[in-house]
Amino acid sequence: MKSKLWITALIASAVIATGCSANNTNSESEEMDHSNMSEEEMKNMEGMDHSNMDMEGMDMENGHASHTNPLELNNSTGENELALPPLVEAKDGVVDITAQQGKTEIFEGVQTDTYGYNGSFLGPVIRVSEGETVTFRTKNDLLEPTTFHWHGVDIPGEGDGGPHQLLQPGASEDVKFTVSQGASTLWFHPHPEGSTAEQVYKGLAGLIYVEDENSKSLGLPDEYGVNDFPLVFQDRQFNEDKQFDYQAVRNEDGTIGDTMLVNGTLNPKLTVGKEKVRLRLLNGSNARNYTFKLNTGDSFQQIATDGGFLNEPTEMSEITLTPGERAEIIVDFSKYDASSDVALVNEADSILLPFKIDEQKTNTVAISETLNDYVVTEEEKNLSVTKKLELFGMGEMVYINDKQFDINRIDFTQKQGETEIWEIYNKPDMMGGMTHPFHIHGTQFKIVSIDGKEPPVELQGWKDTVAIEPDQKVKLAVKFNNKGIYMFHCHVLEHEENGMMGQVEVL
Ligand SMILES: [Cu+2]
């Protein structure tokens with residue numbers, strides 16, 4: 001089987017080489033070029049059984065290579081006001097979170113079968129504060145096993161919700177921990193081995209806001225749903241009946257779609273005041289990357305990375321997020337008026353989220369010039385590399401250090417509270433390779449260097465997911481504050497599922 005797969009992959013590689021760029025961007029829309037393929041090869045491909053043998057890096061149904069995110073995104077018509085997830089806080093120290101199935105009217109008059117937390121689709125925003133001891137009372141009301149993984153949360157391994165903590169249908173579990181990290185926008189999603197990608201695709205994803213003393217004193221817009229908005233970006237592909245048919249559209253190199261949902265809303269618009277507004281961006285997609293910018297060409301300020309504030313608001317004209325990554329930005333709408341055509345767009349100028357300006361709503365906030373005291377110390381810069389990881393492959397043949405995930409194998413150990421330098425190299429393949437968003441559970445790390453250089457200012461902050469381009473070598477300073485077993489993996493969910501994942505045990 002293995003050798004057959006390799007041959008298949010070689011054919012596929014040869015075929016898609018023409019249309020594949022080294023960068024996994026979504027700016028291109030292209031059909032696969034079959035011109036350099038022999039008739040014999042074409043016949044073989046047509047006769048192939050896709051049910052148990054997928055073409056690596058290639059989606060035969062749609063006739064294109066996934067390497068380049070070829071499905072173009074729709075433009076939001078802006079006909080629907082953006083859905084705002086319910087904001088929940090602990091009551092008597094407890095937050096109830098139930099994974100359930102339901103039906104959601106995404107398209108007018110049509111019920112789509114979906115998954116959600118505490119509702120039919122997606123999840124709430126759970127707001128906690130640093131120092132607070134909280135119990136997440138999780139319950140699985142699905143008809144299949146799931147887990148509850150807290151992405152970016154500094155939490156003991158036994159509560160992390162990795163593949164070891166499978167919750168059977170009908171089962172409940174309390175996850176109690178003390179919030180020990182600063183203000184940040186984190187998220188949660190399932191992580192069961194073999195069905196993470198499909199469960200997320202159907203709607204299991206929610207946000208966690210951590211607040212602290214600092215975040216309240218910075219003058220940042222922080223009125224939820226007024227001048228502080230969560231934005232969860234997910235591309236999906238619906239079938240003719242407007243249903244998710246994940247298995248039909250699954251792509252081994254990352255499932256993408258042509259239909260943009262923001263907070264689960266199709267064709268969304270967001271009404272904002274003529275004022276500074278804080279947008280908390282999450283790339284919650286299985287595989288698509290986004291480069292966010294304003295259609296006006298105006299810049300905005302980035303204030304936070306995955307796990308906390310940047311030291312200063314940073315002027316940006318665009319920002320790229322790979323799956324799992326977050327950023328907080330401040331957009332100053334005071335220079336626009338009700339007639340302005342302002343929208344958040346993607347790199348290829350597809351309209352993601354048009355804004356409507358409500359001129360009656362104004363507020364002058366003075367945002368602090370200093371937000372954080374993040375630093376990569378000289379000591380951390382001088383530490384030698386103690387863990388080396390090599391990411392390689394595509395499709396079903398994705399590896400970390402030539403190995404695929406085995407739940408019974410611990411790949412590394414690390415001591416609690418000790419900083420180690422992890423060096424991660426994305427080894428290119430014969431086609432150049434693709435960007436892998438590399439994520440470590442249970443910690444926020446610092447990027448020490450990218451190809452030996454200091455990271456750009458927008459990456460000088462706490463991170464839990466880092467985009468590593470082909471042939472790039474990234475050094476991370478990693479410290480775990482808790483003990484237990486944690487996953488590290490590519491956050492292209494299909495890559496993770498295909499084995500691009502390992503385990504570190506913190507002792
Ligand atoms: Cu990957």
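Cβ atoms are placed via backbone N, Cα and C, with glycine included.
These features come from TrEMBL:
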DOMAIN    100-214  domain 'Plastocyanin-like'
DOMAIN    254-335  domain 'Plastocyanin-like'
DOMAIN    395-506  domain 'Plastocyanin-like'
SIGNAL    1-22  signal peptide
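Break the domain 'Plastocyanin-like' (254-335) down by DSSP state and the numbers are 3 helix, 50 strand, 29 coil. Shown for the domain 'Plastocyanin-like' (395-506): DSSP residue counts in helix, strand and coil, namely 8 helix, 51 strand, 53 coil. Residues belonging to the domain 'Plastocyanin-like' (100-214) score a mean pLDDT of 98 in the model.
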